[in-house]
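Student: Encoded as structure tokens, here's the structure I'll be asking about.
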Amino acid sequence: MAAFADRPTCRVSLGAVFLARELHRLRKSLPLCVFSLFLFSFAFSALSGAPSQFAEAAMPKLSGEKLAELMQMDVKDIKERMLALFDLIDTNQDNTIDTEEAKEWSAKLKNAMHQHQVRMEFQAIDKDNDGKVSLSELEATYVDSLDQKQLEQHKKEVEQRFKTVDKDNDGLLDLSEIRILMDPGKDEGLMKIEIEEILNAQDKNGDRKITVTEFIETEGTGSLNDVEKTELEKEFKSYDLNADGAIDVEELQQIIKDPHSHEIRMLLEEFTKDLKDGKVGREQWEKEFESFAVSMLTDNGEVLRFPEDYSGIEFPFKTAVPQVDVDDEDKHDEL
């Protein structure tokens, strides 16, 4: 669901709330875009929005030439990196990547990129470069571009979050506190704020549950076609963990605490649906490297292009594309 890294688009979805829903909504400019393909490009319709993109996570059909053009790399280099990557993912060295290995690797990638995002976001907010973030700096980042009618309310919401994560009460946020801000599931106070705002936006009858009807009504902007409605129903079911027809507070808590788990589960379904027994062998990986090169196992190709951004993971290759002085949104553009 949508994190700071996401670039807002046209419609909204429940997911974004679970990484940093409110701050995603308030963000004036988004300096990070590494998760734009499927990573949390969602937000509530009461806020601002982005279409669900889980369906886009399936492996696309690209020629080697087209892939090389998009990645700004040559085909030979891509293929070599893919083979090296296979060996990293295949932890038991049986020349097969199974569902569990794919899941573990994807979680490792997401955790590494999240830490990178936190550092980049901290630098973007800390305008005076003093190593701390003040309330005014946070407001300047997340409030300034909003409609004047909503400005005061949004300032209050930002201030509430600021005070919640300012654990030492010094009126400033350090990197560890910004890390909490971007991961509300790790802080009880922040999670309560998130849950209440989710319910305020979605729970129309005040029973502290979100039905599929409420979900679709809130998510829909204008009339929805059958395909869009079906996708929303599918998305709703993925949040309704006990399948009782409603998303309750306990389910919200579970998803907020571990948003990556939910997303990886959805992506894994797409990734494995066309694989025999849900596995991919080294021979198939090499033969169909173009497709796997833009799958969840490469973070849609980002791992191949910008391995240094994944802190804590040692890759046998380095960034291949010259990194010019541009915004991260340009650097990590969608494939």
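Placed from the backbone N, Cα and C atoms, the Cβ positions cover glycine too.
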Student: Going by Swiss-Prot, Asp240, Asn242, Asp244 bind Ca(2+) 4; tell me which of Glu231, Glu251 is listed for that site too.
Tutor: Glu251
Student: How many Å separate the Cα atoms of Asp166 (Ca(2+) 2 binding site) and Glu251 (Ca(2+) 4 binding site)?
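Tutor: Their Cα atoms are separated by 27 Å.
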Student: Given the binding-site residues Asp166, Asp168, which one's Cβ is surrounded by the fewest other Cβ atoms within 10 Å?
Tutor: Asp168
Student: Specify the nearest of the binding-site residues Asp168, Asp170, Glu177 to Asp244 (Ca(2+) 4 binding site), where nearness means the distance between Cα atoms.
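Tutor: Checked the binding-site residues Asp168, Asp170, Glu177; minimum Cα distance to Asp244 (Ca(2+) 4 binding site) goes to Glu177.
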Student: Run through the domain 'EF-hand 1' (113-148) and tell me, per DSSP, how many residues are helix, strand and coil.
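Tutor: So the domain 'EF-hand 1' (113-148) is made up of 22 helix, 2 strand, 12 coil.
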Student: If you draw a 10 Å sphere around the Cβ of Asp244 (Ca(2+) 4 binding site), how many other Cβ atoms fall inside it, taking every protein chain shown into account?
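Tutor: So the Cβ neighbour count for Asp244 (Ca(2+) 4 binding site) comes to 10.
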